[in-house]
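*Asks:* Annotations for this protein, taken from TrEMBL, read as follows:
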{"type": "DOMAIN", "residues": "1-546", "note": "domain 'Neutral/alkaline non-lysosomal ceramidase N-terminal'"}
{"type": "BINDING", "residues": "His84, His194, Glu474, Tyr517", "note": "Zn(2+) binding site"}
{"type": "ACT_SITE", "residues": "Ser289", "note": "active site, nucleophile"}
{"type": "DOMAIN", "residues": "548-721", "note": "domain 'Neutral/alkaline non-lysosomal ceramidase C-terminal'"}
Amino acid sequence: MTGPASQVNMMGYGNFDQITGGIHFRLRARTFIVAESFNGPRLVFVNLDAGMASQLVTIKILERLKSRYGSIYSEENVAISGTHTHAGPGGYLQYVTYSVTSLGFVPQSFEAIVTAIELSIVQAHDNLKPGSIFINKGDLENAGINRSPSAYLFNPQEERSKYNTNIDTLMTLLKFVDGDTGKNIGAFSWFATHGTSMSRNNKLISGDNKGAAARFFEDWFTKNSFTKSTKVLGTLSGSNQDLLNRTSKIKPTGGQPCTNTTSQGFKVRKNKEMKFVGAFCQSNVGDVSPNVVGAFCIDSGLPCDFNHSSCHGNDQLCVGRGPGYPDEILSTKIIGERQFQKAVDLFTSAKQELTGKIDYRHVYINFTNIKVQLEDNKVVQTCPAALGPGFAAGTTDGPGVFGFQQGDTEINPFWKKLRDVLRKPSPYQVDCQKPKTVLLDSGEMLWPYPWAPAILPIQIFRLGSLTILSVPGEFTTMAGRRLREAVKDTLIRSGNGEFDDQTHVVIAGLTNAYSQYITTFEEYEQQRYEAASTLYGPHTLSAYIQEFKKLAESMAKGENITAKGPTPPDLLSIQLSLLPNPTGDSPPPGINFGDIKQDIIVPKSGTFTKGDRVIAIFFSANPRYDLLTEGTFAVVEMLQRQSWLPEYDDDDFCLFFKWQAENITGIARDDVNSYGYATLEWEVPEEASPGVYRLRHFGSTKETKESSNSYYTGASSAFTVS
């Protein structure tokens, strides 16, 4: 589901300058389907390497599934959940707030995600077979840190004393086993940590730490399950000089035409050959950061202000540090490896089999006006969506706008005037959102179409003793704990013994739609980033708990829900798309796309070793002409006998595809060439075999906006790895 690798704003940080410029590794949709029998109740869970789910994506997926399968799949039994990577292309959500930085809707980004989800579900549907599911749980203590610890302290001491940490460290894993062969075929796990190991300055598409964990898990399984055929390699011992002499004679190929599917043959991991699916799903991630070293001032190196996460009042100077600091790629790898290693431990030791019913409940709710009855019988109400000044301050993972701090409840006159130009909040909204001061009255802004969602889905899945709560947002640690406890208590109390203390409850965050954050009532008081981004006012969590308890009671009693709630709007037909499409590329005179601009620079020793970076730069057209889905823009080839065979592609953690435009003016003139450069960087991994290699680039181009695509490839000169 890897979207456009150039010129599209990334979803997550809200940074206008964070525009895609290549691929760290590819994004995927991973799906499991579970059914009691082939004709019995079933449910679908999709895990996306994306910032979050999108209501519009969910609507269109359900339409496609209905056209394929009739009534088998619906909003009732399909959950689509994002990992929360902040390094994927944006422009696929339908509300204005979430598409401002991407200059509106990006059809190519949207279609890449929808198509991948559809095909992933189709594959799972076609592969449905008898099998078993095992569940295991364990603590992972070094992959997350609370980025708003002062807000967490606002929660009652009596409540906090029930827990050892201010984050949830529990990972819950499902192990899927083929019933006919006994072979392991997949694992899905839930664990809370933000997809922000890659910073707001990163330009490479990446699944961040959860996508990395999935890549490591799937590769680990393949490596440990299948014996690869022995490679025939040129030996370096005794004939080093001969090999170097041979290598020096293999020059760049130059740009050459190829077909639109050629790159697919060079992809190392082909879907039809993948034997195992490992997914790392998101949970109540709201206040959990992977930057576990802590937040420090970039000017002084001292810890940031505890209450506001700022430095001398400046939010932009306070930045969280990952375990690989200052190398964000290394931080991504380390946090991914920690989740992967814990998942392997749980996977290999899983013994408890899930048995029992498959069941589900789903309802749509207008979250802008829910009447909530509190424990003291006081009735309160949620509000139309709004964002406070703490939202503009950003977080230690990605600082926001200068002039704001987390915890702000005042807005300076300049920003207040600018706010009022967009929409002055109504007196009702001002009062309803207190103590939040309304900076952006998104819930009352409807031009050119709504800025924030009002109608949201909530959903419960049951797989025997496991209950999955699908929530359309980011619950903080304590908010998630309260929701889980309330649902579990309701199931036990209403279930006539069918549910007990051994019932497992997990939260699947950022699922089916997106509505930002959900804090506790107490955390809302401080108005840090998460509270300022809690759209529907101070009683948002209480509303979720109330409505989820209704679903849980219905499930426990075996009752159907007759009132499904209002249908969310489909705004596809009125989306604005202001990002221009590329208008056609042409290389400089005498140059073909795929030609080398800068060939590999061989070290003085004449050979590369483990950990070295091999770099080549190619003349290249805009990657937006064709996403090369199930293909690759970059390949490391190895010479085996007389053939070049692919060893690594742009889905590998060690190979980077970077793209940068050159002379892209947007003006159609005969004397202006429109083209770019593709930089391929291979960090030679420890497991790389000694031998002869080269780098290869694939791409697509158009001469004009209306012309058809043509495809090209080119390879660097050869080099040796010892």
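Cβ atoms are placed via backbone N, Cα and C, with glycine included.
Because TrEMBL annotations are produced automatically, they should be read as predictions rather than curated entries.
Owing to the predicted nature of the structure, the values given are computational and were not obtained by experimental measurement.
A description of the local structural setting of each listed feature is requested, covering burial, neighbours and distances.
*Replies:* Within 10 Å of the C-beta of Ser289 (active site, nucleophile) there are 25 other C-beta atoms, taking all protein chains into account.
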*Asks:* To see if you understand the setup: which same-chain residues, six or more apart in sequence, place their Cβ under 8 Å from that of Tyr517 (Zn(2+) binding site)?
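*Replies:* Residues satisfying the criterion: Gly286, Gly473, Glu474, Phe475, Thr476, Tyr529, Glu530, Ala531, Ser533, Thr534, Leu535.
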*Asks:* Restricting to the same chain and to sequence separations of six or more, state which residues have a Cβ under 8 Å from that of His84 (Zn(2+) binding site).
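*Replies:* Listed in sequence order, they are Gly12, Gly51, Met52, His194, Gly195, Asp208, Lys210, Gln282, Val285, Glu474, Gly509, Leu510.
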*Asks:* Taking 10 A as the limit, how many CB atoms besides its own sit near the CB of Glu474 (Zn(2+) binding site)?
*Replies:* 29
*Asks:* For His194 (Zn(2+) binding site), just count the other CB atoms lying within 10 A of its CB, please.
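*Replies:* There are 30 of them.
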*Asks:* Could you name the residues, excluding His84, His194, Glu474, Tyr517, of the same chain that surround the Zn(2+) site, i.e. Cβ within 8 Å of the Cβ centre of those residues, in sequence order?
*Replies:* Gln282, Val285, Gly286, Val288, Gly473, Gly509, Leu510
